[in-house]
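Scroll down for the structure; my scribbles are underneath it.
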Amino acid sequence: MQSKGQAGLELRERTREGTENGSDTPLLHSTSVFQSYDYVLVGKLFDDKESEAFKKQENFLAELKKKNFKIKTIVDDDNVFHGFRAPKKIFDKYRYLLKVSDACNWSCEQKDTAPLSTRIRIVHFVLNNTCISSGENLRDLLTKKVFETSFCLHEKKQQKLLRKRWARWTACFQGQPIDDVRKYFGEKVALYYLWLGWYTYLLIPPAILGLIVFLYGLAFFNTSPLIKEVCEADTIMCPLCDKICKVWNLSDTCMYAKVNLLFDNEGTVAFAMFMAVWATVFLEFWKRHRATYVCRWKIYDWCEDEEELILDIVNDPDCEPKVYSHSYLHSTLVLILVTLMLVLIIGLTHALVVFRVVATVLFSEGKWEFLTEHANMAAVMMGAVLHYLTITIMTRVNRKVALKLCDIEKTRSLAATERSFTVKMFTFQFFTLFSSLIYVAFFLGRMNGHPGGYVRIAGKWRLEECHPSGCLTDLFIQMAVILVLKQSINNVFEFAVPWFFSWMKKKSNNLQRKCGYCYRKNCKGTEDGSELCDNCKLQNWTRNYNLREVDAFSLFNEFLEMVIQFSFTTIFVAAFPLAPLLALLNNIFEIRLDAIKMVSLERRMVPKKSNDIGVWTKVLEMIGVLAVIANGLVIGVSSDFIPRLVYRYRYGPCAKDPETTLPCMTGYINNTLSTVQVTDKRVSKDFVPAQLVIPSGHNVTQCSYKDYRSMEDYGFTAQFWLILAVRFAFVILFEHVVVICKFIAAWFVPDCPLKVKNDRLHDKLTRLKEELREKSNRFDRSTDV
């Protein structure tokens, strides 16, 4: 058995020989003598040369040398760093195949020299598709710990420039250098920041309008007749739970009624319609914005599948195309498993409902006076917090399940796998986040029954009831807790975790002691990764190695977070008009947080080419449709907008006497309440005598509850059926009007600006003329011969 020192010495000797004999052809993009390394692979230093892991390492490196890769190996304690430099021939092939391809033939790399981001992408593809004699590729070797990790290198000068112009907190209110981001991180990352910046910019109008709607409700905070009626009422309300809860006075919920009016007023309807149309306008303007940039980047017609074919040929000229395949058996199995997963998620929502019901009873029985008096509110808040914890746990579960389902599907390519995973993961996350909100919005207080006919869970616990002022406040509390907690905690962890990770690795690293000071002239002022001395190379590679690892899902996580936020901003916005304002404030810092994280705290993400945000566009369009449906139902079904409207024009004082001096909504609260005689045999079993004692010590003979029922048979009154008919009519009218507005907006704002169309025609004409000129020159030369 060799010592690690002997193994390292032999490895250094072998490295020196490999460097001298390897292919050291100049790279395509640079004119300098010394060239940078494209990629770094890190493995453990094995003492035993006969070990299987060591042989696989050597086998993989030998396969790359067959492809004329130059490999620089440097030993650092227990790790071995392998730097890879690809030969010029690979990039020449890539350029030629771009030129003759159908969709990628007017790419920026065809005429100009390939930038480092393109080189990294090609080398990354070659490394991940190089197989050893056992048939294992780099992913398999990383999984089996033959190699520890792989990464591409940050460029010091470009990194410093991005920090100065973009990745710093003081630049929060400045524009983004999207072209610089694209050159450094590739088009896919650049399009994410382009979309996020555009989304943040267009959040300004709804944020302002939502604030106005909130202030409108605040203006009538103390003067509304509805609030006055609640605060001055002497109405005795029926107990909200069995045995423990007592009758209570409606005036006790004065503050609750005031809060409810902030988010349930006439301005809410107009704001909900505005947000539904805004979602469409945002998407249409985004398509135009995207088209301008991808046309300028010469990738408007670029095709992901064709790019993958080109890279396959560059890696292996004898490769076979990956065939498209489909299995009805696998698709059926995936569909069944997705359904079961959604059933599980919805089941967790039911568990949260049970928790709220049981928690209300337990809080009412508790010794703390404050919790006893505010048991319902405490249960709502606890339910929201528990919902957030459920979301955090289920996010990890959803990711693992979605990956397993993608494995079952056996998709053709990495791009197809990414699309499939995105749809599944978003679907799971959407139900995880919104199933509880759907219950609060559309079922809370509508299926709990009435005195003499209460609906109970397991025949024991009564379901929750709405407050007499409406159920919208419960929905607001759920959205506010989840949105604020999710954004604030996620941002803290997003920044703190990679920072702490990098700090810990730097603290434990003793490289500075080994490297010391370098006095070589070639090492001073050169580009990051250039032909430096071994110590300076190792210092640079280790600095990148100490950063937090990134993977294929790093950008997906950012997109998922923002699209979920977009869902909160548009769906159920009628219950929370301040959601766009919170999203705007969050995104101003989110852009810089993500930029600082990518530039300074994480390893460089492998640059990828793309001309769109992919399947996320379809997801956003679906959210826009759901926003119309959900907001129409929230206003028509959940809020008290329709009952108030019916009361004003059918049952209120203004409807009965147009010349009255009373406010038109006078008596509305009493009109929404039904009364029951507690001595009635049909309801006496629902209450115990101790529940019917008021604070003064007197026993009540009747109590009220929120519903439209008669005292005689507890059947629905005519007013209930009228309100129900108007609710359905409003929902249908609202959704048709908004959908028509969405279609008009989509027609009025074309996807592609005319300037982009003209520029593309000009580019195609220029390319065709060049092709014809080259063809003519070749024909003339052949004729002369």
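All positions are counted from 1 along the displayed chain.
Glycine is treated like the rest: Cβ placed from N, Cα and C.
Under the heading region 'Disordered', TrEMBL lists 1-27.
The feature compositional bias 'Basic and acidic residues' is assigned by TrEMBL to 10-19.
Here TrEMBL flags 115-178 as domain 'Anoctamin dimerisation'.
Annotation comment: TrEMBL describes 181-760 as domain 'Anoctamin transmembrane'.
The transmembrane segment feature in TrEMBL is assigned to 192-216 (among others). Beyond its flanks by at least six residues, the transmembrane segment (192-216) meets 175-176, 178, 181, 262-263, 265, 267-268, 270-271, 274-275, 278, 281-282, 285-286, 289-290, 293, 555, 558-559, 562, 566, 569, 573, 577-581, 583-584, 587-588, 590-591, 594-595, 613 of its own chain at Cβ-Cβ distances under 8 Å.
The transmembrane segment feature in TrEMBL is assigned to 268-286 (among others).
According to TrEMBL, the feature transmembrane segment maps to 332-355 (among others).
Long-range contacts of the transmembrane segment (375-394) within the same chain: residues 240-241, 245, 256, 345, 348, 352, 355-357, 359-361, 363-364, 366, 428, 432-433, 436, 464, 474, 477-478, 481-482, 485-486, each at least 6 residues beyond the stretch ends and with a Cβ under 8 Å from a Cβ of the stretch. Per TrEMBL, transmembrane segment is recorded for 375-394 (among others).
When Cβ-Cβ distances below 8 Å are used as the criterion, the transmembrane segment (426-445) is approached by residues 338, 341-342, 345-346, 348-349, 352-353, 383, 387, 390-391, 394-395, 398, 401-402, 464-466, 471, 474-475, 478-479, 482, 560, 563-564, 567-568, 571-572, 575, 619, 630, 633-634, 637-638, 706 of the same chain, each at least six residues removed from its ends. Look at TrEMBL and you will find 426-445 (among others) tagged as transmembrane segment.
Only residues 6 or more beyond the boundaries of the transmembrane segment (563-589), in the same chain, are considered here, and those with a CB under 8 A from a CB of the stretch are 169, 172-173, 196, 199-200, 203-204, 206-207, 209-211, 213-214, 263-264, 267-269, 271-272, 275-276, 278-279, 426, 429-430, 433-434, 437, 441, 472, 475-476, 479-480, 482-484, 486-487, 491, 616, 619-620, 623-624, 626-627, 630-631, 634-635, 638-639. Residues or ranges marked as transmembrane segment in TrEMBL: 563-589 (among others).
Positions annotated as transmembrane segment by TrEMBL: 613-637 (among others).
Packing against the transmembrane segment (720-749) from elsewhere in the chain are residues 269, 273, 276-277, 280-281, 284-285, 288, 624, 628-629, 631-633, 635-637, 642-643, 645-646, 650, 707-709: each is 6 or more residues past its ends and has a CB under 8 Å from a CB in it. Annotated transmembrane segment per TrEMBL: 720-749 (among others), in sequence order.
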For the domain 'Anoctamin dimerisation' (115-178), the number of residues DSSP places in helix, strand and coil:
33 helix, 6 strand, 25 coil
